[in-house]
């Protein structure tokens, strides 16, 4: 199982629905470490990212209007933080820790014109052999390849970023794996320009472990996420356990399916000659299969629709780079809006489901305390947990 890392300028996340949409997008891609920029949150608001699959948050705050960087780490990811550096400007968060017995430095950065010296000095001071830093560096390393329209001259920022990578022996992993490809992470509509200014840098000696690095689709923000998948020092154990997603119980189509399949099963298996315990155990196994199949089908349908729009956006982006057509730009804006709408609606739905589940959990707690409906509760728990 690969380690999956993402860097993403999210352009604000002080809305609960957008935070949920961001977490959903990262979860969809199996992200274990996420470097986010422009979160625009206070310390207390940053802590609200500590939910669902997120087990660790490390951040540098500035205000609710600008800046802010955070590192999200999956709850099952075996990284132990030992030392932390955060600036006071909401631009740099660095964590030094241990991953599979190796010393690693993780960093999320949001680069202005004058912070590169501080980043270089602090990273060098933390003295870590394995470095993985992601962020919006606000500069294109190669203006000919990383800008549209291209430029011939390299900016002061670009030279500073290049100097950091050379001093710390770091590799721009996406460019390393895509040496002749033109792709961009930021689209400035007012200036009609596209640039690659978001990077994942890693220590050169780790490059061999990287399987792939990709630039994602622009949605929820005007920046695209950049991802990588790399092999860990050793294989990650995978859990074989299964649990019912209780959110499905709020879906009328799903509960109707359960009723129909229960009737079908009992019609052929429940008779006076059968041991009730065997009937019950077989029923649980049968229903698990039905539930897993239903969940998988619905997830594939949703992802297929989302992937279709993402592929459309990629095609339109490439066409726009070549033609600069106003018509294509309009289609691109519409496709991005559709993608953002799908992701946002999924987040809204999840939040409503979670609120409903909380109410149901309170009811279940009351039933367990009072002892009412004990028989049906035991049978229901048997279906859920085997």
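Cβ coordinates are placed from backbone N, Cα and C, and glycine is handled just like the others.
Within 9, 65, 251, the residue that TrEMBL lists together with 38, 136, 138, 222, 223 for binding Mg(2+) is 9.
If you take every residue in the domain 'Endonuclease/exonuclease/phosphatase' (6-223) and average the pLDDT, you get 91. In sequence order, 11, 37, 110, 185, 186, 197, 198, 221 are the residues of the same chain, not among 9, 38, 136, 138, 222, 223, whose CB sits within 8 A of the CB centroid for the Mg(2+) site.
The 10 Å shell around the Cβ of residue 138 (Mg(2+) binding site) contains 22 further Cβ atoms across the protein chains shown. Counting every protein chain shown, 26 other Cβ atoms lie within 10 Å of the Cβ of residue 110 (active site). For the binding-site residues 38, 136, 222, counting C-beta atoms within 10 A of each C-beta gives the highest total at 136.
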